[in-house]
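Each remark here refers to the structure printed beneath this line.
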Amino acid sequence: MTALLEVRDLSVVFDGFRAIDGVDFTVQNGELRFLIGPNGAGKTTLIDIITGLTKPTTGTVVFDGKSLAGKREHERVRLGIGRTFQTSVVFEELTVLENLDLAASFRRPLWQLLARRKGVVAAVEQALETTGLGDLATRKAGVLSHGQRQWLEIGMLIAQGPRLLLLDEPVAGMSSDERARTGELLTSIAKDHTVIVIEHDMEFLRRYASQVTVLHEGKVLIEGSVDEVRADPRVQEVYLGRAREEAAHDAVS
Amino acid sequence: MTAVLEKPTQLTPEKPPRQWKGPAVFVAVAIIALVVMPLLLEPFRLGLLAKYLCYAIVALGIGLAWGQGGMLTLGQGVFFGLGGYAMGMFLKLNDAGGDLPDFMVWSGVEQLPALWAPFGNPVFALAMVVVVPLVVAVLLGTLVFRQRVRGAYFAILTQALAAAMVILLVGQQGLTGGTNGLTNFFDFFGNDVAAESTQRGLYLTVAIVLGVLYLAAWQLVRSRFGRLLLAVRDGEDRVRFLGYNPATVKTITFAISAVMAGIAGALFVPVVGIISPALLGVVPSLELVVAVAVGGRFALAGAVLGAVVMGYAKTYFSEELPDAWLYLQGALFILVMTLAPKGIVGVAAALRGRLRKEASA
Ligand SMILES: Nc1ncnc2c1ncn2[C@@H]1O[C@H](COP(=O)(O)OP(=O)(O)OP(=O)(O)O)[C@@H](O)[C@H]1O
Ligand SMILES: [Mg+2]
């Protein structure tokens with residue numbers, strides 16, 4: 001296995017606040033990596049930097065042996081880096097099928113886009129099947145439930161055939177049924193993709209994760225297997241400490 | 001990754017919804033415009049309609065840029081003017097027959113300015129009707145959309161451009177005819193431009209050009225590019241993460257709308273007999289945006305309808321109540337934007353839906 005993504009000595013400063021502080025982070029080809037950490041730890045910011053939404057103050061991001069410095073967002077997507085957002089964004093005026101088709105068509109030359117869509121390309125067919133959204137294909141994405149939107153977003157990603165998928169809290173706000181389905185979806189995608197998943201939920205983590213990186217206050221706290229991470233006293237402090245504080249806060253208010 | 005580019009498979013054949021209504025309406029409107037109206041309207045009224053149809057071509061472009069692409073362009077007058085002046089310059093040189101155009105003589109210009117010389121050639125002039133708006137829009141779009149200027153900033157920028165264009169035209173009296181613009185045309189490709197038959201021919205030309213551009217825009221909206229344009233309108237940042245450059249999509253669309261305005265301007269000149277700064281400044285640009293909003297900006301038909309309806313309304317009210325028109329227009333705009341954002345087309349669709357429901361109940 002070779003490293004698909006290598007982040008070296010990465011820092012980003014927002015108005016004097018170090019949101020990411022000297023992070024080294026490597027993901028191998030074919031890996032399913034979970035990225036966890038309390039609110040404000042810098043998880044989303046790390047993904048923002050990898051995908052070009054935020055510029056790092058120092059450090060490098062190397063994807064498949066090539067530096068991403070100076071590459072714009074859509075150029076990174078063309079290299080094979082796809083992401084979802086913490087709050088899902090699908091195109092509500094387009095149907096599920098059109099959303100997927102748009103995602104799948106991004107490598108077509110522009111003049112080809114001037115033709116109308118005829119039929120369904122294989123990648124879209126595959127994405128509909130994987131996400132189980134086939135029955136909703138001709139419905140506008142605006143009518144989808146929260147869970148279905150997340151699946152559509154994931155479907156749009158896989159329809160693009162990316163080499164690295166970055167999923168920002170895909171199960172946040174989902175019912176336990178939806179979580180289970182998303183977990184299965186994740187497992188099946190991870191079979192033939194490299195995936196980084198940001199997730200808070202310890203239960204979800206216990207079920208579906210193997211390798212975990214814990215981020216805390218912009219730094220990597222620990223990296224290892226789920227069991228190692230869960231057993232680590234610092235992680236317990238970060239998470240349980242929070243939980244205790246929140247419980248105390250709840251009790252007061 | 002190769003799967004993305006594979007040929008369409010037909011695993012789930014979609015039954016195309018029967019779409020005969022749209023084409024049927026189009027054909028009906030085309031028959032009315034091309035056959036009924038020329039028989040029904042006296043020459044003066046037909047000329048008015050031709051003018052409104054010129055505006056409808058601009059409106060069609062606004063509908064694409066604003067309604068489909070989310071780019072509120074308040075400066076379409078600029079492109080209308082570029083097309084109009086290109087045509088006007090040709091007609092003036094043609095009428096002058098080798099001499100200086102009349103207004104240049106009056107303002108003491110002694111030699112034909114170098115900028116004017118090539119416009120004596122009709123092929124060049126007609127090409128410029130398309131090329132100049134295209135180039136200006138592509139340059140502007142490339143600069144502006146790359147820098148992610150959008151929303152109100154883009155709107156203000158285009159409006160400022162319209163204002164600047166007027167100042168430029170007024171200031172260059174000898175080159176542009178100043179405030180008066182270019183007028184007093186006699187010959188239009190071998191015909192007396194004021195003759196009834198010429199005007200009828202011009203009306204038919206405008207109607208056909210509008211129809212062709214409408215079909216082209218309709219095809220664009222229904223293509224993958226059209227889907228992409230909607231996506232850019234509703235989530236530009238998300239589109240970036242699908243691997244598209246929204247700036248390119250917006251620039252292309254903006255350029256198409258600019259070319260439409262340019263063509264409209266060129267047709268306007270022989271139809272109305274003048275092109276001047278007052279016809280392309282901030283106010284006329286705004287009026288067309290209001291017209292598109294009133295007709296319904298999310299539908300191409302709404303944009304066209306709005307331009308014609310507001311054209312008639314303006315003519316009627318400026319004859320009957322000249323002072324009230326401006327306020328009425330403003331009030332109508334606010335009313336539409338707050339209560340009926342889909343305009344006349346949206347209201348009509350809602351009414352139809354309600355009637356159908358009542359009929360089935
Ligand atoms: N553009 C920005 N400008 C200023 N501060 C920012 C910006 N983006 C993020 N931050 C700050 O950086 C810190 C890390 O934020 P980030 O969104 O990466 O956290 P996170 O780990 O994703 O948290 P959550 O679990 O709540 O999503 C937070 O304190 C946040 O307020
Ligand atoms: Mg986050």
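Glycine residues also receive a Cβ, built from the backbone N, Cα and C atoms like all the rest.
If you look up TrEMBL, you'll see B:20-41 (among others) marked as transmembrane segment.
The transmembrane segment annotation in TrEMBL covers B:48-66 (among others).
Same-chain residues lying 6+ beyond the ends of the transmembrane segment (B:125-145) with a Cβ under 8 Å from its Cβ atoms: 78-79, 82-83, 86-87, 89-90, 118-119, 154, 157, 161, 246-247, 250-251, 254-255, 257-259, 261-263, 265-266. Under the heading transmembrane segment, TrEMBL lists B:125-145 (among others).
Long-range contacts of the transmembrane segment (B:152-171) within its own chain (CB-CB distance under 8 A, at least 6 residues past either end) are made by residues 71-78, 81, 85, 140, 144, 178-179, 181, 277, 280-282, 285-286. Residues or ranges marked as transmembrane segment in TrEMBL: B:152-171 (among others).
Sequence-remote contacts of a segment are chain residues at least 6 beyond its ends whose Cβ falls under 8 Å from one of its Cβ atoms, and for the transmembrane segment (B:201-221) they are 26, 30, 33-34, 37-38, 46-47, 49-50, 53-54, 56-57, 60, 63-64, 68, 188, 191, 229, 256, 260, 263, 267, 270-271, 300, 304. As annotated by TrEMBL, transmembrane segment applies to B:201-221 (among others).
Sequence annotations record features per position, and here TrEMBL assigns transmembrane segment to B:252-276 (among others). A Cβ distance under 8 Å defines the sequence-distant neighbours of the transmembrane segment (B:252-276), meaning residues of its chain 6+ beyond its ends; these are 47, 50-51, 54-55, 57-58, 60-62, 64-65, 68-69, 71, 73, 76-88, 91, 126, 129-130, 132-134, 136-138, 140-141, 145, 177, 179-185, 188, 193-194, 198-199, 202-203, 205-206, 209, 213, 217, 220, 225, 229.
Marked as transmembrane segment by TrEMBL: B:288-313 (among others).
If you look up TrEMBL, you'll see B:325-351 (among others) marked as transmembrane segment.
Distant neighbours of the transmembrane segment (B:48-66): 33, 37, 41, 72-73, 76, 80, 199, 202-203, 206-207, 209-210, 213-214, 217, 220-221, 229, 253-254, 256-261, 263-265, 267-268, 271-272, 288-289, 291-292, 295, 297, 299-300, 302-304, 306-308, 311-312, 315; these residues of the same chain sit at least 6 beyond its ends, with a Cβ under 8 Å from one of its Cβ atoms.
Only residues 6 or more beyond the boundaries of the transmembrane segment (B:288-313), in the same chain, are considered here, and those with a CB under 8 A from a CB of the stretch are 25, 48-49, 51-53, 55-56, 58-60, 62-64, 66-68, 72-74, 76-77, 210, 214, 217-218, 221, 329, 332-333, 336-337, 342-346.
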